[in-house]
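Each remark here refers to the structure printed beneath this line.
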Amino acid sequence: MEQWRGIAFIVLLILQWSRASAQIRYSIAEEVKEGTVVGNIAKDLGLETNALKERGCRIVEGSTESFFHVNQNDGILYVGRIIDREKVCERSSVCLINLKTVLENPLEIHYVTVEVLDVNDHSPSFSTKESRLEISESVLPGLRLHLQAAPNDHFRLEVKDRGKDGKIPILVLLKTLDREKKKSHKLLLTAIDGGKPSKSGTTQLFVDVLDVNDNMPVFNEETYSVRLEENAPIGTTIIQVNASDLDEGSNGEIIYSLGKNVNSRIRELFRVDSNTGEIIVQDLIDFESEESYQIDIQASDKGSAPLRTDKSVSVNIVDLNDNTPQIEVTSFSRAIPEDARLGTTVALISVFDKDSGLNGKVICSFNEDVPFTLSPSTQDNMYSIVTKSPLDREKQSIYDVTIVAKDAGVPSLSSEKGITIVISDVNDNSPEFSASPYTYYVTENNSPGASLFSVRASDHDEGDNSRILYHMLRDGKENTKINSFNLNINSDNGDIMALKIFDFETLKTFQFHVVASDSGTPSLSSNVTVNVFILDQNDNAPVILYPVSSNGSAEGVEEIPRNVNAGHLVTKVRAYDADIGYNGWLLFSLQEVTDHSLFGLDRYTGQIRTLRSFTETDEAEHKLVILVKDNGNVSLSATATVIVKLVEPKEAFAASDVKSSAKADEENNVTFYLMITLGSVSALFLISIIVLIAMQCSKSTDYTSKYLQEPNYDGTLCHSIQYRSGDKRYMLVGPRMSIGSTIVPGSHANTLVLPDRRRTSEEVSKYLNLLSILS
């Protein structure tokens, strides 16, 4: 058992030592000069000296006065101003100043205690330079008087230690006084302190010997003690003391007063009714200033040589909950990143309540529902504000937090303090395009280098995290198309330009990708598809396909018998325009003719027919100049010349025979190829019929392109074009319209709305293809 007790004692000593060593303690003498070194905090705490300034090292004291400061360069704690121990700690036996050493980034706090040592810088002093006492000659030896005097052969000096109230000299009568021998005694009282070197003070004491009154007042109670609530109303009677005197007359009449050694503060707070002995409150009583008082009451008779008796009354002050808690933010982070981990410290706060017990017990909380919580520290009345849930700056960037400190008194008192917590941005949002995909329509023959269109992206972050740069994703087949037009993008604003000209007849649509990247670290990006459709312009003039002479000019000669009837087809002018829609819709007109009554021109088909029969008086040769023009906004045109020669019927037949004989050999060579061609056409026709039947059974209505090619050549238009808008399909055509189609208002009668049946449209398309091939 003795062994175990020894081990337990050693463990207890180790625990006590580790607990004490957790806090640094220095000591300095009072009244030292400013700049005096107290200690090396950085060395004693094991901190890196070169990191003190970066981490924002500073001293936080519990009081409003600042006595110390720390040098951030060397970590040494210096005295900031002269410290008077008697002012700072008043009558406390040990004078301690508690400091907090705070490191801001990252947040860290250490506790330092500095003990201020007393120096002998005050001499003893008496309240008066001289005092006068009156003692009856009949007083018996043993009389004890609280004095400020020194002894002689009749008196002896005793010293009573009153603790924080100091030492009180007591004059003790050694033998009976004889007034007739000595009427007055003069004493010199000297007080010497224990300093090195010591200091002293003196006062004169005069003792007058009175006659007759030889009984002292006696208090009825041996001790007096009372409890008094702080903030008691002025005029409140605390207690009534009572003393009696065996003498008669004026020597037995007693008056009460405060003792001569009662300090000035007690005289300000209390008074004694000289007649009744009631102790009365005459100023505000504050528990936080003093928890108890020792009031010396003196009872004196009215004899010619009054006798006095002293009695101490203990007044214990009862604490009331009359102080609201005080909140102090000792350290605070200006901004916290939105990706901060849960439990990250935002600020440190201290809470003070001057009351005691439950009245000084403080609980802190938040007024709002915020993603933070108050975590109590190991130190009393210290709290840390830490994150309790994820933060998102894009949802809320600033929190105005109200801290409520509430004590446990009855009734409870509370106070509030507001702080603003700023959430800083991190790059956690990718750029978002305003549309996906983008679809743009660009007219051909654009101006090289001019902006065609723009893509725009936005980022919910801020600063560099939201600054967006654009570039094109160049890879594969798309890269070839982009390079062919030298497409460039402005990296700052997303404007896209082409350094070459678009040609609808060469390329009708293409696609590329744009990447938007923010400037955060690490950078985030997103991409979008851009579909570009080239719109046609009327930049192609009609081309005459027939007639074309051997030298390449649009000129031909037609011979017809003179005996043909009205309506006879002389020839057909064929033309082609590479544009589409109105730009490719061709109209024919007679620009020049020798006789308007003989020939007529179909403005849509280009067919030249006779208007009447020829007569003998009609000329044998006629020149027709045909104007072919498109329907673009700025119309383009071409001309063809047809020479019509009238011949006698026999000559016509002879000319026909000559042509037939000239072609006989050629036709023999072509017969073989013609047979192959007819066989191919027949096979293609059968395949087309099969395909039509299969497509008629299919119910697919899927369209993969906005433009649907529809070869429907009727001799005027080279091709037509179908396209889709919403749930309707349209086709640009010439003057002839399909059965079941309607004209779109405002389309100038060249755009048809097709029935929304893919099989029917494809049947028409296939039949037209077949007819075109067969023709």
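The backbone N, Cα and C atoms fix where each Cβ goes, glycine too.
Per TrEMBL, the feature signal peptide maps to 1-22.
Taken from TrEMBL, the feature domain 'Cadherin' covers 21-126 (among others).
Across the domain 'Cadherin' (155-219), DSSP assigns 3 helix, 36 strand, 26 coil. Residues or ranges marked as domain 'Cadherin' by TrEMBL: 155-219 (among others).
The domain 'Cadherin' annotation in TrEMBL covers 220-327 (among others).
Feature annotation from TrEMBL assigns domain 'Cadherin' to 328-433 (among others).
If you look up TrEMBL, you'll see 434-544 (among others) marked as domain 'Cadherin'. According to DSSP, the secondary structure content of the domain 'Cadherin' (434-544) in residues is 14 helix, 48 strand, 49 coil.
According to TrEMBL, the domain 'Cadherin' annotation covers 559-658 (among others). Along the domain 'Cadherin' (559-658), the predicted structure has mean pLDDT 88.
The transmembrane segment annotation in TrEMBL covers 672-695.
Mapped onto DSSP helix, strand and coil, the domain 'Cadherin' (220-327) counts 9 helix, 47 strand, 52 coil.
As a summary of secondary structure, the domain 'Cadherin' (21-126) carries 13 helix, 40 strand, 53 coil according to DSSP.
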